[in-house]
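Encoded as structure tokens, the structure appears first; notes follow it.
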Amino acid sequence: MSSQSLYKVSGNIAANALVNNDQYKKMYQESIVNPEGFWREHGKRIDWIKPYTKIKKTSFDDHNLSINWFYDGTLNASANCLDRHLAEHSDRVAIIWEGDNASEQRKITYGELHTQVCKFANALRSQGVRRGDIVTIYMPMVPEAAVAMLACARIGAVHSVVFGGFSPDSIASRVIDGKSKVVITADEGMRGGRAIPLKRNIDDALKHPDVTSVEKVIVLKRTGGKVDWIEGRDVWWHSLVETASEHCAVEEMGAEDPLFLLYTSGSTGNPKGVLHTTGGYMVYASMTHEYVFDYKPGEIYWCTADVGWITGHSYMVYGPLANGATVLIHEGIPNHPSPARLGEMIDRHKVNILYTAPTLIRALMAEGKQHFDKYDGSSLRIMGSVGEPINPEAWRWYHEVIGHEHCPIVDTWWQTETGGILITPLPGATDTKPGSATRPFFGVQPALVDNMGNILEGATEGNLVLLDSWPGQMRTVYGDHERFVLTYFKTFRGMYFTGDGARRDEDGYYWITGRVDDVINVSGHRLGTAEVESALVSHELVAEAAVVGYPHDIKGQGIYAYVTLTRGTEESEELRQELRQWVRKEIGALATPDLIQWATGLPKTRSGKIMRRFLRKIAANEVTNLGDASTLADPAVIETLIETRLNRNE
């Protein structure tokens, strides 16, 4: 193996880990050669009401697409996260919660969490929620967010969690698409010392003329902040659970019955509702959580992701709780009120496993390691990275400053659509290279293809595809199966197209190089460029807009917008700020453009297609080798854009 920046598995870790390198190779080989046998065995890791006999019926043929796992079995996700632990671990802490203000802390045992979920599940039923209904959840990072999700799962309702940073318009589009009858929110959330007006955002979202399905809004009293109230529609969480029974039988769900919807950005602009089902997802989330983090019973596990993202679903709620872990949930941000907060929390709660994002690591790195002078970190055993590729400098800083050079780092690659981790090191099995996601998890068959779909062998670079299904895979785009087929299975026939590019080195390790479609990755969160463009163009003074990502020291990718104003409109710094606020209001803070360049024209082909590759290079300040511009209707546009570019490194 090439020794360039190789971090070898220590003998001590390999000896005590769930799998070493030889075991990984043997298990991986079996999972590919005999997937039925492999998953027949590993599907038993969760509890089934009616055991499955049929394991896998899958096809990536775009004319005959089929994704079915454990498909004649029945189960309940909530029972797998709660009930099955009660006999032996009722008193084990399930959730440790620390508020935005560190003085606010709670501990909830598995027994207590079970009671809370049962009561709230009964409360949902009292508000008319039935099996198969879609419930929208827009909550702060409090234990009740997990309670709401598990209560939905308990009674067979499908939850659709919306990230608490999204705007009323973004909430409205998701409520409309899912036709939710019930919305669950809080008066406010707390983040970085600021109150987030969640209830007000819901009120504004529900004023949208196309929102016609919502009958009830359940409101958790988090801060006691003042909220508007609509009698007959709005109801307090606490008043509902006060009288609710502590007993709630679980709904028996088919393995392929929906568990949740989660909307993700697509390149067309309309967020797509990724639909995950129950059986395969629970098997895969719990198995990846155990093996990737080398989880041992009773360990304290902290995933810093928001519950509104897939990482919060799979690795803060379903995976860890199915495995009986103690999960730390933090309401705020781990670098507030100071960069020392992350280390303080690891020490305060004796965290064994940390799963966080490169954006946070880079932000802490920029503040300087002196903030970790008082940090002990001796409890920490495994560290993970998620959301985007981690640059080698940040990887090494994470390893040295947070991990004190003794914690293996699992740099995980996966997507909302995949349900769980697909490419990752395993702590006791994989020598790591900073910046590489390394090798596939069991049952995962990655390949690299050229633009014609030809499989590339050996050390090479190409489009990252997957050749066969895995249990955690999404099943469809809600209400638009054709879009599912078109997005993932039409580009390369017989393969799942990830939308990412990657290279494979001489050791077979994968290095994710980023999106190859029109989606940008801001602070580990996917945003469709079309969404941001649509928001800009909806402003009355904007005639046209093109949005691309560009390298950003902290966020990984920043948002760079080229804007053509309507005839006669004057360019000004005030208008630039107004447009930034406009996008923030339309989509959310995450989508705010970092740089807006005025453009008298955009590089277009004669058929009117915007040539984004030129815009990406100019935004990245790579202006010496732009490539052939002869297909452009007006090549002179390029020179003007280069002269007026904003991201110069002079």
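Cβ coordinates come from backbone N, Cα and C, glycine included.
Of the residues Arg439, Arg483, Arg526, Swiss-Prot puts just one in the ATP site with Gly387, Glu388, Pro389, Asp411, Thr412, Trp413, Trp414, Gln415, Thr416, Asp500, Arg515: Arg526.
Look at Thr311 (CoA binding site): DSSP puts it in a helix. Cα of Arg584 (CoA binding site) to Cα of Pro389 (ATP binding site): a span of 26 Å. Taking the Cα of Thr412 (ATP binding site) as the reference point, the closest of the binding-site residues Asn335, Ser523, Val537 is Ser523. In the three-state DSSP scheme, Arg584 (CoA binding site) is classed as helix. Comparing Cα positions, Trp414 (ATP binding site) lies closest to Asn335 out of the binding-site residues Gly193, Asn335, Val537, Val542. Checked against Thr416 (ATP binding site), the binding-site residues Arg194, Asn335, Ser523, Val537 differ in C-alpha distance, with Ser523 being the nearest.
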